[in-house]
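Annotated in Swiss-Prot:
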type	residues	note
ACT_SITE	ASP268	active site, nucleophile
BINDING	TYR333, TYR405	substrate binding site
Amino acid sequence: MGGSSISTPLDFNKIVEDVEKTLSKYPLCDHCLGRFFAKYGLGLSNRERGSSLKTMLGFKLYDDYSSKRIGRDSLLALAENAGEPLTRMVEKLFAENVNPKTCFICGGRISDEWLDSVAEAVYEKLKEASVTRFVVGVKLGRNLREKELQLVTETGFTRAESLKNEIKREVGKKVMAKYGLVPDFEKPEATAIVKLDENFNYRVELVITPVLLKGVYNKRGRNISHVPWLAKQGGRKYPLSIQEYLESRLADPFKAKKVKIHAAGREDVDARTLGPGRPLVIEIVEPLVRSYDIEDVNKLIRSDLVEVRVHKPASRRDIELLKQTSREKRKVYRLLVVSSTPISEAQLNELEAYFNDIAIQQRTPIRILTRKKDVLRVRKVYEVRTKPVSSTSFEALVYCDGGLYVKELVHCDQGRTNPCFASILNTELKPVELDVLYIEH
């Protein structure tokens, strides 16, 4: 027998004593009593479990009364708190009617009929939103939570199930059995939240899982913001945003409340995004239509000014990864730079040689200090390539870390970026155009 372990057998006498002790103080219906012993037995509902426990207690109490270990008054009090089958036993013993007390937890309101009505209300909400895969959530009123906690604390039961869990499970099972909808704990289309007050009045609210689409976007024009940008005076600062554009194309087909975007960083509003594009996730909020074909979606969002291409469905994890890794992804920028003095080809060669695998120290740019903390960050520039445009202007391709403020790399930002192009060329420089050519995926 070496190495094998033998589980401790159930002490049925102890279980019945616990039931008696509990019912001597609290009136409990079958559902609520069974729930406090939920981890005993297999394949039983809490109602069946509670009824069985009361039957077992009835055997003990009849024997105790016959052996004069319990008196009439104590037996009557237990019958009042337990209800059937103890009330029937007492009525036969004493030829006296017993009026059972209402359940301390639910007031006797939990029943198969009540659960059926909740399941029907949940189904109606799911049907309105064309949801077939769902989960049930429960929010209890404070008074109910306190009662449940009081009883568990006083009894010390360790094999109990919460009221929330019972309602979630039983309602989910009934919706599946009666209406054919499938509980899906991995990828639910919606969560039906049953909100209960202390009188077990309920209402059902539906939290619809958004449709998430993974793709990339290109901005072919300038002065296009990520999200609507309002001026301090209340008017629009820029006429178009990527989020509004997508909402205008997708909200109606999906019958959605709104559309949001999550991108791997963001370029300046006056910058274009060319090349393979910037990764993003489109979040379609509270859609009543969930089925879609990716090719049809791409046709809806096709445009010359803002080009968005959806590749596949996304998850919340995809959004997290976009946010977490955007600073790690290297980028290539194209800048058109204007100088206050003539720039020679030799100076441009010097610039290329200097900005080769070099660390750049940047404080938060002055232009965004009103909305971001003033911190020092270090980013690397791996390579710079230049091409003269005129005697006082040139193009620069910059290959660098994500998170580098590339405009400030040009003009130094009053010494807050070091080193910078202006300090090496010893002249005043201004970036007049910026394009994002490549973002590491």
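Along the chain as shown, the residues are counted starting at 1.
Every residue, even glycine, has its Cβ placed from backbone N, Cα and C.
A sphere of 10 angstroms centred on the C-beta of TYR405 (substrate binding site) encloses 20 other C-beta atoms.
On the backbone, the CA of TYR405 (substrate binding site) and the CA of the residue listed as 'active site, nucleophile' stand 10 Å apart.
TYR333 (substrate binding site) sits 12 Å from ASP268 (active site, nucleophile), taking the CA atoms of both as reference points. Under 8 Å, Cβ to Cβ, and six or more positions away along its own chain, ASP268 (active site, nucleophile) finds LYS407, LEU434. In this structure, TYR333 (substrate binding site) is part of a beta strand by DSSP. Secondary structure at TYR405 (substrate binding site), taken from DSSP and collapsed to helix, strand or coil, is coil.
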